[in-house]
Amino acid sequence: MRKSIYSFFRIYTSMEIEMSEAVHAVSGSRLRYFPITLFATVMGLTGLAIAFLRFDHIMHAHTYAGQFILFGVTVWFFFILSVYILKLYKYPEEVKEEFRHPVRINFFPTISISMLLLSIGYDGVYQPLSSALWHIGALVHISFTFVILNIWFFSDFKVQTKNPAWFIPVVGNILVPVAGVTHANIEISWFFFSVGIILWIVLFAIVFYRLIFHEQLMAKFLPTLFILIAPPAVGFLAYVKLTGSLDSFARVLYYFGLFTAFMLFSMFRQFRKVPFFVSWWAYTFPMDALTISTLLMYKITGYVFFKGLAVIFLTMTVAVVLTVIYKTITAAADGKICVPE
């Protein structure tokens with residue numbers, strides 16, 4: 001575990017390399033193909049920062065990795081946000097094309113989710129920034145939710161186009177209460193939580209049906225199966241934050257997320273066959289959420305089992321994030337990112 005923590009301090013250097021590649025993209029034609037999916041990197045890294053912050057607090061540890069990652073990923077978020085705004089200015093048709101795409105449209109809310117996650121990270125660290133990020137993130141996210149639901153209702157999407165990435169707009173609504181309880185009236189958080197949970201249940205049935213009764217997902221979308229972990233894991237965190245207790249429904253959310261994780265772990269051989277795509281970042285945030293929810297279970301119950309499980313999950317998450325960062329940097333160096341598909 002200690003080696004994993006120390007090795008993570010290489011992330012900042014890695015992010016600088018990614019920034020250099022992105023700068024090249026801005027100065028050349030690659031800006032046109034700068035993908036909205038890169039905001040998933042912010043989700044994965046911010047989630048890990050929060051996991052380390054919670055680990056230090058609950059386990060009385062002193063890794064200091066959480067603060068380091070949080071500050072680095074904040075810079076990274078505003079950098080890629082600036083690049084994407086520049087893309088919107090120079091190549092608006094390319095952005096519209098991404099927004100019309102049945103899969104990529106679901107990654108636009110990763111912008112607001114990134115703000116909400118950063119808000120959670122800065123909660124207790126720097127409240128003014130946390131509050132500003134939460135208010136902007138919540139407003140932007142509910143706007144994305146309405147727009148995307150309108151598109152879903154009035155577009156002719158085939159069931160084959162549906163995959164777990166469709167949960168991304170939903171996860172953001174469930175995430176709002178985690179910092180929202182601190183920054184606004186609790187009824188606002190209950191509103192977002194209710195919307196997110198009900199939409200998750202509906203979409204879960206649709207996606208589950210599609211996965212079983214229609215053709216298999218393309219290889220590039222297989223990593224998105226890990227997104228199935230996120231709604232129940234995040235829902236557990238939000239629900240406990242709202243109620244302040246570990247009741248039956250909270251347990252249902254946590255244990256369903258845990259079951260989903262173990263189910264996906266049992267498919268390890270299938271995931272090993274998947275070549276690198278930017279979609280590999282779908283592995284990261286769900287693992288973050290699983291780790292944080294397990295840390296919370298240990299904090300509430302005091303059971304040593306959850307303590308051990310949390311350490312295992314955090315170690316796995318660090319390994320996953322480091323692997324995905326390495327693969328991303330390698331792909332960027334080979335010119336395989338910011339290119340037409």
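Placed from the backbone N, Cα and C atoms, the Cβ positions cover glycine too.
As given in TrEMBL:
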- 33-53: transmembrane segment (TRANSMEM)
- 65-86: transmembrane segment (TRANSMEM)
- 107-126: transmembrane segment (TRANSMEM)
- 132-153: transmembrane segment (TRANSMEM)
- 165-184: transmembrane segment (TRANSMEM)
- 190-209: transmembrane segment (TRANSMEM)
- 221-240: transmembrane segment (TRANSMEM)
- 252-268: transmembrane segment (TRANSMEM)
- 280-298: transmembrane segment (TRANSMEM)
- 304-326: transmembrane segment (TRANSMEM)
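Here the transmembrane segment (280-298) has long-range neighbours at 37, 40-41, 43-45, 47-48, 50-51, 54-55, 58-59, 164-165, 223-230, 233-234, 236-237, 240, 246, 254, 257-258, 261, 274, 306-307, 309-310, 313-314, 316-317, 320-321, 324, 327-328, meaning same-chain residues at least 6 beyond its ends whose C-beta is under 8 angstroms from one of its own. Same-chain neighbours of the transmembrane segment (165-184): 103, 106-107, 109-110, 112-113, 116-117, 119-120, 123, 130-131, 134-135, 137-138, 141-142, 144-145, 148, 190, 192-193, 195-197, 199-200, 203-204, 206-207, 221, 224, 227-228, 230-231, 234-235, 237-238, 241-242, 282, counting only residues six or more beyond its ends whose CB sits under 8 Å from a CB of the stretch. Long-range Cβ contacts of the transmembrane segment (33-53) within its own chain (Cβ-Cβ under 8 Å, at least 6 residues beyond either end) map to 5, 8, 11, 15, 18, 22, 25-26, 63, 65-67, 69-70, 72-73, 76-77, 80, 83-84, 87, 94, 98, 104, 107-108, 110-111, 113-114, 117-118, 120-121, 278-279, 281-285, 287-289, 291-292, 295, 314, 317-318, 321, 324, 328, 337-340. Contact between the transmembrane segment (252-268) and the transmembrane segment (221-240) is supported: at least 3 Cβ pairs lie under 8 Å, counting only residues 6 or more apart in sequence.
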